[in-house]
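These features come from Swiss-Prot:
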type: DISULFID; residues: C2-C11; note: disulfide bond
type: DISULFID; residues: C3-C8; note: disulfide bond
Amino acid sequence: RCCGYKFCHIC
C-alpha cells in the first residue's frame with residue numbers, strides 16, 4: 001500500500 005505524508009512509499 002501507499003503511505004507517507006508528502007511522499008508515497010511502500011509500507
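Using the three backbone atoms N, Cα and C, a Cβ is placed for every residue, glycine included.
Neighbour density for C8 (disulfide bond): within 10 A of its CB lie 10 other CB atoms from the protein chains shown. Listed in sequence order, C8, H9, I10, C11 are the same-chain residues at least 6 apart in sequence whose CB falls under 8 Å from the CB of C2 (disulfide bond). Counting every protein chain shown, the number of other Cβ atoms lying within 10 Å of the Cβ of C3 (disulfide bond) is 9. Taken residue by residue with DSSP, C3 (disulfide bond) is part of a strand. Around the Cβ of C11 (disulfide bond), the number of neighbouring Cβ atoms within 10 Å comes to 7.
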